[in-house]
Amino acid sequence: MKISTVLRHLREGIKNVVRNGWMTFASVSSIVISLFILGVFLLLALNVNNLADQIESQVQIRVYLQLGTPEAKVNELKNAIGNIPEVKKVVFVSKEQGLKDLRTSIGADGSELLEGYDDTNNPLPDSFTVDVFDPQNIAYAAKKIDAIGSADASKPISSVKYGKGTVETLFRVTNAVRNIGLVVVIGLAVTAMFLISNTIKMTILARRREIGIMKLVGATNNFIRWPFFIEGALIGVMGSVITTVLLLFGYSELVQASQFELGLMMIKLVTLRDAGLTVSAVTLALGTLIGIWGSTLSVRKYLKV
Amino acid sequence: MIELQDIWKTYADGTHALRGVSVLIERNEFVYLVGPSGAGKSTFMKLIYREEIPTKGQISVNGFNIGKLKPRKIPYVRRNIGVIFQDYRLLPKLTVYENIAFAMEVIEAPKRIIKKRTMEVLELVGLRGKHASLPQQLSGGEQQRVAIARAIVNNPSVIVADEPTGNLDPETSWGIMNLLEEINFRGTTIVMATHNKEIVNTLRKRVIAIENGTIVRDEARGEYGYEN
């Protein structure tokens, strides 16, 4: 292809966007609407996922030791637990620290419950809090820690707790939420593709006469196809850029407006930067692809004359 | 040169449009195609510019075996055949100039040449001053002139015209006929289907009459031969 022809196709593609103003408007609008809905759900899914991660990451294993376990044994156990591949972090919580933590978490209202206990008559055992890399592996890691305790002749571990039952339910819920989010997003993406390609098909249907005339004067299929291809891509890019701007602007407003209230509930929204990258990438890629796909597909249909 | 040898055309719905048509049209001839509606005139013309392919028989235009043409090659053959319709078929969103230049852009002619040649044919059809107008701003006769300009801009050896005066008043029709005669005079073969008795009987040319898919008459300086 000659360079002048390439330029001609580019020029023609851009001109067509302007010439078919209303059709362009219809196509761009349908792209914006579909991608916007998709984007909103994508943001929702990202946040739900993030929230699930946050909740899951709060899940810890508590390892309680026998009263009076010697310090050497404590260190030995700490190392052994730390060596389990699934384990991320082991923190020793002395009985003194444990009492202090308990006081803090009960708060002022229940302070009389712990009255009279001090370091001399502390009823609590020493313990470890164990974080795992993947919260989904928590039961497995707990079992391994339990096994370490049973293997030791002095049975230094009195119990291993991780909220058995509760954690499993939590994971079932978070996984379900994640899967539903994924299904909704994929479903919306497919719907958006059909909606948009249908609009583009209609705009080209209105121009099948034009294609017929082009063929009549001896235009090759490629010659006809290129301007439509460029037009489709342009429409896709326009639609997705508008959508991205709308989504990012709306989301940044939402993050700012809700910061205080959600902060009180210890909920943190995905930052604009993290969410923005995913959302813009998805909308831009999808929009452009759909634009090209829709126009190429429809032109091909009318080229078979 | 256009040559049809025992051409049969049956459409998918079972209509027998042509039944064994053989004819030879020499270079630089002017031929009227007459006959009742549905007799096969349009099919005859569509075969020439390869809109349709024959069910049986051979057709050659300028030495190309049109029926056996690979789809990839069709555009290149069409560039040597100008087609004119009753309904003009201009691109509504392009100006007069752009409509004509389009046919040259398609063959990737240099811009300078496109401009020169387009203005040349606009001059020939008498629409130089209207180059920036849109088709809808023109009268029917003017639109047909643009269509003719587009058909001849690439210097085709053959012009196929399907009732070019069908939508025009008598006076405008004569303007179009003068133009076609001028183009024919410059060396282009013209095949024109028409229902216009007055034109055929006044501007005497070869007349081929088709009825029920067969040629019933072929006269060198013929008459229309039907009541309108």
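Cβ coordinates are placed from backbone N, Cα and C, and glycine is handled just like the others.
The transmembrane segment feature in TrEMBL is assigned to A:21-46 (among others). Only residues 6 or more beyond the boundaries of the transmembrane segment (A:21-46), in the same chain, are considered here, and those with a CB under 8 A from a CB of the stretch are 178, 181-182, 184-185, 188-189, 191-192, 195-196, 199-200, 202-203, 206, 235-236, 238-240, 242-244, 246-247, 251, 270, 274-275, 278-279, 282-283, 286-287, 290-291.
The domain 'FtsX extracellular' annotation in TrEMBL covers A:59-148. For the domain 'FtsX extracellular' (A:59-148), the model's average pLDDT works out to 83.
According to TrEMBL, the transmembrane segment annotation covers A:180-205 (among others).
Residues or ranges marked as domain 'ABC3 transporter permease C-terminal' by TrEMBL: A:183-299.
The list of residues near the transmembrane segment (A:226-251) in space but at least 6 beyond its ends in sequence, with Cβ under 8 angstroms from a Cβ of it, reads 9-10, 12-14, 16-17, 24, 27-32, 35-36, 39-40, 43, 196, 200, 204, 272, 275-276, 279-280, 283-284, 286-296, 298-299. Feature annotation from TrEMBL assigns transmembrane segment to A:226-251 (among others).
Among the features that TrEMBL reports, transmembrane segment is placed at A:275-294 (among others).
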